[in-house]
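The structure is given below, and queries will be raised subsequently.
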Amino acid sequence: MLSKREVFDGVPEEYLSHKERYENAIRNSVVAFSLVRKMQEEGKTSINNYRDVVGGLLGSSVLRDGSPLGLHYIMFMPAILNQANEEQQEKWLPRAWNCSIIGSYAQTELGHGTFIRGLETTATYDAATKQFVLHSPTLTAYKWWPGGLGQTANYCIVVAQLYTKGQCHGIHSFIIQVRDEETHMPLPGIKIGEIGAKLGLNAVNNGFLGFDNYRIPRTNMLMKHAQVLEDGTYVKSRHSKLNYGAMVFVRVVIVFDMVNYLSKAVTIATRFSAVRRQCQLKAGETECQILDYVTQQHKLFVSIAAAHAFRITANKLWLTFNEVNEQLVEGNLQRLPELHALACCLKAVTTADTAACVERCRLACGGHGYMMSSSLPLTYGLVTAACTYEGENTVLLLQTARFLVKTYQQLDSKALTPTVAYLKTAAAERFCVGWSNTTEGIIRGFQVVAMRVIIMSTFNEEVQEMSRTVSPQLKEVLHQLVDLYCTYWALEKLSDLLLYTPISQKEVESLRLRYEETLTNLRPNAVGLVDAFDLRDEMLQSTLGSYDGRVYERLMEEAMKSPLNAEPMLQSTLGSYDGRVYERLMEEAMKSPLNAEPVNYTFHKYLKPFMQGKL
Ligand SMILES: CC/C=C\C/C=C\C/C=C\C/C=C\CCCCC(=O)SCCNC(=O)CCNC(=O)[C@H](O)C(C)(C)COP(=O)(O)OP(=O)(O)OC[C@H]1O[C@@H](n2cnc3c(N)ncnc32)[C@H](O)[C@@H]1OP(=O)(O)O
Ligand SMILES: Cc1cc2nc3c(=O)[nH]c(=O)nc-3n(C[C@H](O)[C@H](O)[C@H](O)COP(=O)(O)OP(=O)(O)OC[C@H]3O[C@@H](n4cnc5c(N)ncnc54)[C@H](O)[C@@H]3O)c2cc1C
């Protein structure tokens, strides 16, 4: 059995080289995911409900900057579950589930990420040999970004343009072996490596992948929805977008991820704000806690409310996802567009808001928030990536807008699906006959705004659920959070409300007062509210947010761990670009020390024994 997490001579991750960071990540990941395998063996997690277990690990302090094995669970396995037929699932799922193969998900290319109908990788069917020929016709056709593909995965799901009998049938998914299972060497016809250092997630080992007329069996096309028969006949799917299912799943999971990161950041910043004393409210008094400043409360408290709002929303979205997928199994595709629009909208909104809130938490901690040891910069790097991956936010909001416009156009001719039923009511109250400075009044106002601009989504507060299951005291605080969240956004989006609702100047002024009252009302419970997230110090990994409040002692302890305090300069910088983007990106990637060797030693020492169940 492996010893617990090894670090280089006690040097924290921040001081490791790019290569050492990867080697450390492999060591930590095989230990962490050996635990998942143990839970599988004991029946404590299953192939249909491992989200919480894996999600908890991927957000934990052990894998704090991601894992080379993350995509295996996040997309490789869900893609097989979602797009492989029964025979293919029987062949591949057991090996993926016990990690005797490690997979990734290769869709994005150097030249295309958003416009997936424009992907260039081709899969051409050869009926004579009953094989598909995978090929990357240009440099921009190289797969670029797949997590774990650089040095770790030996299989991946590849999304390519399918050609058979001379005709292109659009993008489809294929399961492809890219490395030898014994030697881990890239297979002939495969060009593979890692793409280099990034803003964050530097333990994920994102890779590139090029094909040179690489042949795979016909049965390696995932054929749950569409098929290619032995003679090359193409059988199309019931719905052209069923192949996009893996992306919908991850967008839903990302909303849960944002809850975890936002809770962590606001816990750190709120606890630090209770410890930090700076300046005086009145001359001659002792310095006050910075948490007592209304400006500090304005920065932080809405993040506490947002963490709860996102958690409630994530749970509701997960229920919708499972409902719609059960209907898909029965052949009922009616709610697929709504699920797609909802997943797009909530992934975009929660990632953008979380990135903004985490940055605000950092700013609220002054210079100490800028220290890596606070864990706030690392958290920001993780959440800001989510605004881009799994669908760039702008593009996903446009998808939601497209769905809402279509829904509005069919308002009188088609029954509305549950999450847009409010449009009927908002349409009836075309100009929102009255305004009230209550939670319900604000929600109704936004429904009217949404109705009028058809691009705002609204959220359903689960207030009724809270009144059934919580004590009067807790209900009062949760209502304060609901009030805070609504009045905050009413004030943030005041221009829309002024444009589309009859809110008066007087009501805006009282809304402002109400907002400040709510901040004051929440102040006594602020630390208790973040303590309620129940995030252990090991999870927070933060000098500022530890439960015992020993901020300064911890800052100094961490500072003394820097090798710079023990020896002279270590650092070097990279060159800049001359405008030849794709060639330069590839040249930079090839500078990675990880690409200097075909197989990193951690494969033979850790990964292979892990995959063979010998750990
Ligand atoms: C189990 C794990 C547990 C815990 C994990 C813990 C943490 C996990 C958290 C984070 C994850 C970590 C790492 C993430 C790794 C990220 C991996 C990636 O990034 S993979 C690559 C992702 N790439 C994308 O998302 C590409 C974005 N682009 C698109 O999706 C599409 O191009 C588009 C923008 C949707 C447009 O598609 P297209 O051009 O084909 O379609 P149209 O716009 O013309 O619309 C036509 C029609 O189709 C409908 N539609 C589009 N997409 C879907 C869909 N997915 N489902 C259903 N329907 C869809 C659209 O609504 C239109 O319908 P119509 O209006 O015609 O009725
Ligand atoms: C950390 C990380 C991990 C990733 N992991 C994976 C992975 O494992 N597998 C994988 O396949 N991919 C992965 N990706 C790739 C990711 O899915 C793409 O980066 C994403 O889909 C965006 O595509 P792009 O980068 O090509 O940007 P582009 O599509 O080129 O978009 C660039 C910008 O152009 C604008 N834009 C583009 N299209 C439109 C439009 N229609 N309307 C308006 N504006 C538009 C937007 O401002 C957008 O930000 C990862 C990315 C990151 C950052």
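A Cβ is built for glycine as well, from the same backbone N, Cα and C atoms used for every other residue.
Annotations in TrEMBL come from automatic prediction, not curation.
Pasting the relevant annotations from TrEMBL:
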- GLU390: active site, proton acceptor (ACT_SITE)
- THR108, GLY147: FAD binding site (BINDING)
- 2-102: domain 'Acyl-coenzyme A oxidase N-terminal' (DOMAIN)
- 244-405: domain 'Acyl-CoA oxidase C-alpha1' (DOMAIN)
- 450-567: domain 'Acyl-CoA oxidase C-terminal' (DOMAIN)
- 569-612: domain 'Acyl-CoA oxidase C-terminal' (DOMAIN)
Using DSSP, tally how many residues of the domain 'Acyl-coenzyme A oxidase N-terminal' (2-102) sit in helix, strand and coil.
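Helix/strand/coil tally for the domain 'Acyl-coenzyme A oxidase N-terminal' (2-102): 64 helix, 2 strand, 35 coil.
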Would you mind giving the whole-number mean pLDDT across the domain 'Acyl-CoA oxidase C-alpha1' (244-405)?
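Average per-residue pLDDT within the domain 'Acyl-CoA oxidase C-alpha1' (244-405): 95.
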When you measure from the Cβ of GLY147 (FAD binding site), which residues in the chain that are at least 6 apart have a Cβ under 8 Å away?
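Non-local contacts for GLY147 (FAD binding site): GLY66, PRO68, GLY70, LEU71, ILE74, MET75, SER104, TYR105, VAL204, ASN205, ASN206, GLY207.
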Count the Cβ atoms, other than its own, that fall within 10 Å of the Cβ of the residue listed as 'active site, proton acceptor', considering every protein chain shown.
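The answer is 25.
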Between the Cα atoms of THR108 (FAD binding site) and GLU390 (active site, proton acceptor), find the distance and write it as a whole number of Å.
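Cα to Cα, THR108 (FAD binding site) and GLU390 (active site, proton acceptor) are separated by 10 Å.
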Give me the count of other Cβ atoms within 10 A of the Cβ belonging to THR108 (FAD binding site).
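There are 18 of them.
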